[in-house]
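Presented below is the structure to which this report refers.
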């Protein structure tokens, strides 16, 4: 239920009280003569037109019309309205809570950087990596063919040999091989036969050429990594449950058997795989994951943390890749313990995790990868427009602090001139208190806070924190879980009482979208969960500007005008009835008979009043050019007790003049008082609609003349009613 409906409910309650009061006044003026309670109920029925029963019907039809207009707008193609009851909410929003990945960014990953500790490769130096890979594989192959008699190629390092600093070439070789093996990606080949081909020939007809290959994975990051290894010469050509095949630059196929795979979870923030090389029988445990999770697992080094920070400041998503060579005995020992843990009945997950963790020690750090997620089209001007419209934008993301801050700056969520206050990680009440005080001293600066610190602040200083955060022009919450996102939405609603809107693109944003007053889903790479759970579904973030500034504005303004006009329509006829009764010694006699009353609310005035849903106070271009106009809507001035009282006074004045004028001016024609006053009433209503309209539409003119025509025609048929 939208805010406008709740406001109209309040006004309807006020009208009901007015109806009862008016009836009591009439009976009192009668002097409680005879069976006065019977007269009271007769007056209640006579004045019952004060209660706008047709209001709901008109509003619901109006909402359906707005929904149709939104879906038919060519400037925002692909928009779907899934909830027809709250289009007016789009015009009242104060807080916009947005996800980052896939919402502000495209969720299309591009591999940008490989860092090996001493040397870093960017997009312009990828050809060096390619030449290293080609050399190392051609050498390995020539060595292999050289000593084909021996089962173990000379590439295998002897465990007893002292650790020698490896050459850059071999480190690149290891790093690229690790990235090509440690993932959950499957190459897919389209069959040439297409749809017409029979299924049994599908295997034969498959085209295993490079052009025909696409990669499928649950995360776009992994696809970007595998596509990059293909570009430098090491290609993933095949994968099934037990093995993987890589193609070297020389066209040789290397087979690796998958012994174990440990999938990525949001708790562990890492994934691992144990593979056995077919040619050498070597067993290697590869692992990749977030720097937070991996820094404790890899051997001591002095560069990882610093480089992760550097990459994050450039807006890159980082992954740390590491490996560990296992002997046959080590692996057999691990496998037996792992299987034992999987069979345990109590605390299975904990035991399995503990066994895997026994392997995750002192791993050899291979490299750090940086993947870029590009911003969506027109994100900057859209965020700028929303900020000018007085909407406060909060970005809630699961990414790390530096990446989130970088995207917030590059998307102009935080303007370049603004200070950013990064909330230090806090774990205790005292720390939270100190940090809040430090933040309180700063003025007009954006806030960046992590999910854990947020939990602590909300636990001890909920009210103070929300009060401070609400004054910020922008807030970025990083490392947020889906439940935290929903919790923040509810907090804002509870503490500010303002309308909130959540926008996201993935399953992790559904809870936030459903908690907000108005949920908007984007159909993105992560499927349709968010768009199906939302009230409005859009295809790109930039469409939100037009959705709020134009459609939100129009829906709210039109519904407010329509609602008040329907109330005015009932009040004016009830005022005439009251004047009529007063003149005739407070007799509870109806002024207009059955069909006239029915026709009044339907055939005579329905079309013109409903045509108010086509009205617009400013042109769409103006609303988009001056987003500041939106600020006025959030104050809710189009429909308030003040505007309502103005309409009530207009109705009483008009109704009184119409009835009293008809009685005074046409005293000699008193027999025709019904026809005279009713005609005046219909003409007044039609004129009032014409005066309320800001922008004329041809359908409005049609509606006015249609109603007038219907009335004139009915004068001939319903002459007995006008007697």
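Cβ atoms here come from the backbone N, Cα and C positions, even for glycine.
Looking up the ranges 623-643, 644-664 in TrEMBL, the one annotated as transmembrane segment turns out to be 644-664. Between the listed ranges 108-137, 138-167, 228-257, TrEMBL ties the annotation region 'Disordered' to 138-167. Most Cβ pairs under 8 Å to the transmembrane segment (594-614), among the stretches 14-34, 566-588, 644-664, 670-691, 698-718, belong to 698-718.
By the criterion of other Cβ atoms within 10 Å of the residue's own Cβ, the least surrounded of the binding-site residues 317, 479 is 479. The local packing around residue 101 (ATP binding site), expressed as other Cβ atoms within 10 Å of its Cβ over all shown chains, amounts to 26. When the binding-site residues 99, 317, 479 are ranked by how far their Cα is from the Cα of residue 509 (Mg(2+) binding site), 99 comes first. Excluding 99, 101, 505, 509 themselves, the residues of that chain whose CB lies within 8 A of the CB mean position for the Mg(2+) site are, in sequence, 98, 100, 102, 103, 397, 504, 506, 508, 522, 524, 526, 530. Cα of residue 264 (ATP binding site) to Cα of residue 505 (Mg(2+) binding site): a distance of 21 Å. Calculated from their C-alpha atoms, the gap between residue 505 (Mg(2+) binding site) and residue 99 (ATP binding site) amounts to 8 Å.
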